[in-house]
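Peer 1: Right, I'll just put the structure down here and ask away after.
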Amino acid sequence: MVSLLKKLIGSRNDRLLKQYRKLVTQINNLEPQIAALSDEALQAKTQEFRDRHAKGTSLDDLLPEAFAVVREAGKRVFGMRHFDAQLLGGIALHNGKIAEMRTGEGKTLMATLPVYLNAIAAKGVHVVTVNDYLARRDADWMGRLYRFLGMSTGVVVPQQPNEEKIAAYRADITYGTNNEFGFDYLRDNMEYRVEDRRQRGLAYAIVDEVDSILIDEARTPLIISGQAEDHTELYVRMNAVPPLLKRMAGEPKPHEPEPEGDYWVDEKSQQVHLSESGHESAEKILTRLGILPEGESLYDPRHIALMHHMMVALRAHTLFFLDQQYVIQDGEVVIVDEFTGRLMAGRRWSDGLHQAVEAKEGVKIQHENQTLASITFQNYFRMYEKLSGMTGTADTEAYEFQEIYSLETVIIPTNKPMQRKDQNDQVFRTSQEKYNAILNDIRDCHERGQPVLVGTTSIENSELLSGLLKKAKLPHEVLNAKQHAREAEIVAEAGKPGHITIATNMAGRGTDIVLGGSVEKQIDLIRADENLSEAEKTARIERVRQEWKPLNEQVKAAGGLRIIGTERHESRRIDNQLRGRAGRQGDPGSSRFYLSLEDPLMRIFAGDRVRAIMERLKLPEGEPIEAGMVTRSIETAQRKVEGRNFDIRKQLLEYDDVANDQRKVLYAQRNDVLEAKTIGASVENLRDAAVTELFRGFVPAESVEEQWDIAGLQQALASDWQLQLPLAEMVEAEPKLTDEELLERVLQAARDTYRSKSELVGEESWGQFERSIMLQSIDTHWREHLSALDYLRQGIHLRGYAQKNPKQEYKREAFELFSGMLDRIRDDVVRVLMTVRVQSTEQVAQAEAEAAQSHVQNVQFHHSDYDEALASEAAEAQEPVRNVLPKVGRNDACPCGSGKKYKQCHGKLT
């Protein structure tokens with residue numbers, strides 16, 4: 001019935017494309033008129049559009065003309081004309097949707113259409129890329145078109161001086177990575193001066209490779225952290241425990257005897273669980289090693305941290321392996337991203353896991369970190385007024401984009417029909433049989449002059465395959481995290497005749513593989529040669545292109561690019577991304593995945609079913625199954641994994657939404673403090689509320705004198721706020737004194753004491769001091785609150801055993817924690833301001849600078865691929881920033897990481 005309706009009225013995608021094609025017709029009709037304009041007249045269109053928009057013309061109404069102008073500018077600047085398919089994609093992006101376009105269809109050029117149109121509003125457009133190389137490349141490349149049309153571009157990258165970053169955000173169009181945009185948002189909410197903030201609002205963002213950023217990286221929050229308590233010795237001692245515990249043969253099953261052993265590993269959830277006997281064994285081992293005192297239990301409240309450290313050590317030994325999840329580089333454990341295979345310099349696992357892995361590998365253990373600020377990509381990108389994205393593979397995750405981000409996916413038809421042939425998977429019994437078949441396929445392609453791209457899921461597998469190819473004397477390139485610096489160069493050469501390239505997952509994404517090899521690098525070198533005249537440059541470029549044509553034809557005749565997958569990823573989308581490297585813009589190509597029953601995905605999710613099929617068919621050794629049924633069975637397993645991962649992300653989001661609501665409230669209050677001309681009235685309200693609450697603790701409202709604890713109140717006022725008041729004498733001297741009158745006298749005494757301090761140092765200096773103390777208190781208590789929320793979340797699932805809804809309990813308790821935090825901020829601010837002894841303006845300035853410095857000590861930034869570029873640019877980026885504050889000179893860089901001199905940043909707070 002549903003398919004019949006689709007035939008009659010078309011799918012939602014068909015109906016959207018039908019609407020968009022009407023706009024494409026309008027744009028095409030404008031082409032001759034726009035083409036007739038001179039360069040000056042074309043450039044003047046930008047100001048004309050801005051004037052019309054300021055007078056009320058909507059961006060939707062400007063779209064046909066603006067897109068026609070960009071298309072014409074593209075022809076004049078690049079010699080490239082936007083295809084109709086790119087216009088369709090541009091319209092989808094402007095309408096806040098995800099445009100799915102095949103690899104090689106020109107997503108980068110397509111983005112110029114909605115970017116230009118939305119930049120007319122002068123609110124700033126953010127173009128989000130997956131790495132710094134692509135951000136710089138696209139800003140430089142597309143910037144030529146924007147500058148031709150009179151628009152400014154900027155790019156934000158790690159370790160950029162603050163002045164440059166602010167200028168980049170003030171540009172009409174800003175390029176950068178998802179990490180940098182997110183971190184800058186967090187940094188802006190940690191600043192002590194309005195003028196140091198970078199971003200000017202979140203109006204419109206286009207996210208390139210949107211599936212990678214909004215789905216693959218959505219489980220990892222962005223975290224700015226500082227050093228916490230040192231547990232180095234405990235990690236080293238706890239590292240001796242896992243080898244002494246015995247792993248069980250399998251997971252215990254209900255109503256069956258528990259297998260012998262101390263623990264089992266759940267590979268699906270990436271967790272380790274102790275058995276009943278395992279708990280006893282662990283206590284004995286910890287006691288024997290002197291970690292747990294004799295006769296005491298691991299479950300005593302004071303030993304709960306030991307349990308956590310032991311489980312982390314177990315996970316490090318059983319679930320995290322060298323050259324799979326991490327590598328050792330320069331004596332440090334560096335994480336390998338599971339989706340891209342890239343090294344994540346600067347990123348560290350949390351909850352002590354990174355330290356446990358360091359202890360396992362015998363490298364220097366670095367300090368644990370305390371979270372200073374944190375946000376997930378889901379919550380960061382949902383703050384944009386309008387969000388859109390582009391990718392080659394979004395359709396498999398369309399439901400999640402709609403559910404989480406309210407983003408609809410529009411599949412854009414290819415400019416030319418796709419010719420790639422996707423062959424059925426071949427499944428072997430063992431890895432050895434699988435690799436033999438892969439070698440035979442690669443050898444055949446190499447001999448026929450067909451380029452091959454082999455996709456692996458880990459560095460270990462890529463190096464294993466590389467070793468096999470070396471033995472077979474087959475020349476090849478390896479593209480994994482260890483060769484990241486040469487990534488673009490290796491990818492550019494991957495299309496040459498007979499070339500063999502091994503790539504870890506989707507390393508090299510964003511650079512096209514051109515059949516016959518890329519000539520762009522040679523052309524760029526010719527263009528940059530100042531010794532050549534324009535005529536000589538043109539002649540040489542033409543010669544290079546002519547030499548490339550026979551190579552291109554040779555590769556096409558051999559069948560185009562051959563894609564070989566050595567394993568299925570747990571996400572169909574990652575497999576599709578690998579396949580999508582072949583068959584660009586109507587080129588020929590083919591793909592095949594080789595699998596074995598020993599592959600992790602097959603072993604965990606689909607192995608039993610496929611093994612049963614192989615046994616029934618009685619296939620000889622080395623003979624694979626190759627059938628659509630098997631491929632479908634594997635895809636069913638992948639759907640299960642995708643569904644589970646979606647549930648995990650959705651559940652994480654539901655919990656993070658609680659923290660996000662609190663973050664919005666706190667950051668809004670912090671910004672009010674930062675932006676207000678004076679916060680004296682706010683401080684007065686806080687002080688009066690704090691005094692009243694303290695007073696009512698000793699003198700209840702509407703109570704009689706016999707219920708009053710005047711001695712206790714007098715002592716509390718003196719110790720908490722240094723208010724020396726003869727309250728007992730007042731009450732004795734005035735028998736008719738009411739509690740309200742007494743409260744008013746206490747409030748007035750507090751006001752008088754406070755005013756005297758303000759008058760002593762001057763209103764302006766005191767106002768700055770108030771602001772600094774308020775900001776410091778907010779930041780300190782927010783850090784503690786984030787840690788409290790983490791602990792709450794880790795144990796909240798246990799409420800399910802008490803027949804309570806863990807999510808509801810988390811919301812309720814998180815709200816109580818937040819309310820308590822706001823009260824502590826108030827009390828802290830009032831206590832400091834009431835008890836501080838001031839004698840001069842200089843002392844206030846010194847206290848204020850110290851407050852700011854304590855806030856910015858030992859700052860680090862964490863996320864999956866943050867600081868990739870820094871791994872090659874600056875080795876110190878991998879080390880925590882350890883500033884010894886008294887040594888910061890006035891002309892040194894400020895410890896806050898802003899890039900400014902100390903005297904121009906936190907050294908200048910007064």
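Just so you know, glycine gets a Cβ as well, placed from its N, Cα and C.
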Peer 1: For the ATP site that Swiss-Prot gives with Q86, G104, E105, G106, K107, T108, which of D441, D444, D512, D524 also belongs there?
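Peer 2: According to Swiss-Prot, the candidate sharing the ATP site with Q86, G104, E105, G106, K107, T108 is D512.
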Peer 1: Report the member of G104, G106 (the binding-site residues) whose C-beta atom has the most other C-beta atoms within 10 angstroms.
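Peer 2: Compared across G104, G106, the most Cβ atoms within 10 Å surround G104.
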Peer 1: Counting only residues 6+ apart in the same chain, whose Cβ is under 8 Å from the Cβ of K107 (ATP binding site)?
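Peer 2: Within the chain, K107 (ATP binding site) has Cβ neighbours under 8 Å at G89, A99, M101, D208, M390, T391, G392.
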Peer 1: If you count the other Cβ atoms within 10 Å of each Cβ, which of the binding-site residues E105, D512 comes out on top?
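Peer 2: When each Cβ's neighbours within 10 Å are tallied, E105 leads.
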Peer 1: List, in sequence order, the residues of the same chain other than Q86, G104, E105, G106, K107, T108, D512 whose Cβ lies within 8 Å of the centroid of the Cβ atoms of the recorded ATP site.
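Peer 2: Checked against the 8 Å cutoff, the neighbours are M101, T103, L109, M110.
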Peer 1: At its widest, how many Å does the recorded ATP site span between Cα atoms of Q86, G104, E105, G106, K107, T108, D512?
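Peer 2: Max span of the ATP binding residues, Cα based, is 17 Å.
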Peer 1: If I restrict to non-local contacts, at least six residues apart, and a C-beta distance under 8 angstroms, what lies near Q86 (ATP binding site) in its own chain?
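Peer 2: Expected: E105, G106, L109, M110, L113, N415.
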Peer 1: Tell me, how many other CB atoms lie within 10 A of the CB of T108 (ATP binding site), whichever protein chain they belong to?
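Peer 2: Taking all protein chains shown, T108 (ATP binding site) has 17 Cβ neighbours within 10 Å.
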